[in-house]
Structure formats: C-alpha cells, structure tokens
C-alpha cells in the first residue's frame, strides 16, 4: 500500500515546525518534501496535524501468557496503537516466564499472530525470575530476545547480577533492572513519607531503590555492560546515575510519566489507582526527575503500562497490586503538563518518546527520514478531550487520570507503513 501524508507539519532537527508531505511505499518512507499525488496513492490529509515519528515505549506489561484477564498481546498492542506507539517492549513477568528458547519462540509467534504494532520481547535473567539460576542468554537472544531483565523483582545478589552482566556484555545485550533491595522494602505499599505516616501505611524508603542502583553501576563498570535502570523514581537515584555517567559507565535510565506528573502528596484518600512500584515519591524527587530528564541524566520516558482487573484494584491500599496503565494517555498528559505550559519544547517531549529510547538501545526507529521504516503518528495538538477509562482499548482501566481533560491526542498511527489506528477505530 502507498500513502501520501499531505499538509501536516513535522519538526526539523532544531525544533522548527515546517509543513512537509511524506510518501510511504510499503514499509518505508520514500520521500519527504512538497509532493504531489502519484497514481495509486491513497492521500491522508494531515492538515493542522503534527506528524511525529511513531512513539516508542520500552517498558510495557502485556501479561500474556498467564495473565490474560488483565491484558493480552492483542489488547495491549491495540492500546499502544491508539496511544501513538509503534514499538513497545514486553516485560517477562508472565506465567510461564520467557526463560527458555522454546518459550521465547512461542512468544515471538504469538506476537506475529496477534500484535498490531512492533513488540520487542524481553527475556528473563533468571529461571522463573527467582534469582537462583541464570537463563541461557545465547539461546534466548537467538530466539528473539530484545534484552534481559527480571523486571518486577530486583536481582538480590551481587554475584548473580555480575555474572549476568558479563554474559550480556559478551553477547552485546543490555541488562535492564528493576532496582529494589528486598531487605529495605519493609512490607511497604507507598513511599515512606508524610502520606504513609498520615494514613498508617508501611512505607518504601527511597534508599531501597538507590542503593541497588549504586551497587549495579559499579558491577556494570567492572563487566563493561550496558546497564539500564527501569522507572527511576528518587532524587538519590538520579544523583547515582548522573555520577555514573560522568565516570564513563555505560548506564541509561528511564522515567515513567506518572513519576513526572505526580508525587505522594497528590494521592486522594486511599485510591489504589495511585499505587505503583516504584511508588509516587516526594515533591523533591519529582523535581529531581524532571531536572534529570532535561540534563540528560535520564535518557527517555517509558510508561511501565501495568494493567490489572477492577476487582484486584478494589482491594485495600496494602493488598491491591502495584501498577497503572499508561499507553493510551502518556502523550496527551505530558504534552498538556509540560509543553503547553512552556516548560518543555515539543521537540524535547517527542525526542524523549522516540529517538532517545531508540538511541539508548541502538534501535533503527524513531526518525522521520527517507529510507527509514514508516512508523508515523499523526497528533492533533489542539484536540482537547477528557480521559475516559471506559473507552480504553486496553483491558486495564486502572488509571489515576480518569476524567482529566488534556490536549494532544494521537488520531492516526502507521506501523511499518500500515495504518493500525485511525481516530475512533482500530485498523487491522
């Protein structure tokens, strides 16, 4: 199929808005400029729309296999398409875990059969993610593993992490870490701060995360491994990563939209839709995360999309599972909060959600250039609408942002040159 995307505006390398047309043939961008329709082309009128590279989210929980009541590869990828994402990376905390070549091959086939967008599957670092025995990295890489992580739990022993890093480095693969020292969790369900004290809840201290990162960056230096920090959340963690980068250690980090937008003082009552891991931290932590993103300490934004059933989230704050959904709301939330207010440029936000994650993991995506894969998202920056969790394509409706009015909604998504979402409907 050939498309000519007409009359939209793109961003130059300096952030200037310019009107350009884009010709897509098959999976590839063939031309960008002032173009006329050719025979057989379908014209997409993008007048008044921002034409962005397809968004990239390298931290998503699709729950399949084993958690299909919460989400599936099909429903999660539909949610991604609606949110403007063309590439997502699926975490391995499923049942069974993708810890063998056979399980990874099954997962790759399932992705091919049911996904609307590109899904990059993580493999687990340890068998069943219990931290005792390392998986066969080489076999998993051959079967399609994108990188290695035990996300959802931290690798508790330095020896296991060091061996994993050495093996990953030998295969030119990344170790992606959920940073949490179990001995410092203390049964917590929210951040250790004023909110936890006021509500009589066990709190998770900031040191639980930062001490793990401090250990791991030194191991990564010794192993010469690409080490990536998931969902960084504390000011101390930002300081550790900043110092590690200054020392030349190959470390990258991501931050989730909710940690940029909220702190624990924003939690209304005991609403479990504000419960995630890591938890919403203090105001100073949120400010440090924003500063770290802007100065390059933190590399990109990832949603940590974590769907749960309504029944699960109706439990108490102590008992309800951690996690919120984010694929369908991330761009408009961040655009409204940071770009419309003038704190960030549009280019900064788009880079954090496209080229920056691609560069961090050497992926050939995230650019609008001739010859590139045609991953393209059309966004109506002026479209203002209230978030409605009942309209989500994800099975999960666990969001703290329901009914919030925001601007900057994706209206069409092309993945590898195919229209996979058009406002109001999924295209398969």
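Here the Cβ of each residue, glycine as well, is placed from N, Cα and C on the backbone.
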Can you find which of 285, 295, 299, 304 Swiss-Prot lists as binding Zn(2+) 1 at the same site as 59, 61, 151?
304
Looking at Swiss-Prot, 151, 231 are annotated for Zn(2+) 2. Which of 178, 191, 258 sits in that same site?
178
Report, as a single number, how many Cβ atoms besides its own are within 10 Å of the Cβ of residue 151 (Zn(2+) 1 binding site).
21
In whole Å, how far does the CA atom of residue 61 (Zn(2+) 1 binding site) lie from that of residue 277 (substrate binding site)?
13
Nonlocal residues around residue 63 (substrate binding site), in sequence order (Cβ under 8 Å, 6 or more apart):
70, 71, 72, 76, 94, 307
Could you name the residues, excluding 59, 61, 151, 304, of the same chain that surround the Zn(2+) 1 site, i.e. Cβ within 8 Å of the Cβ centre of those residues, in sequence order?
60, 91, 152, 230, 231, 302, 303, 305, 306
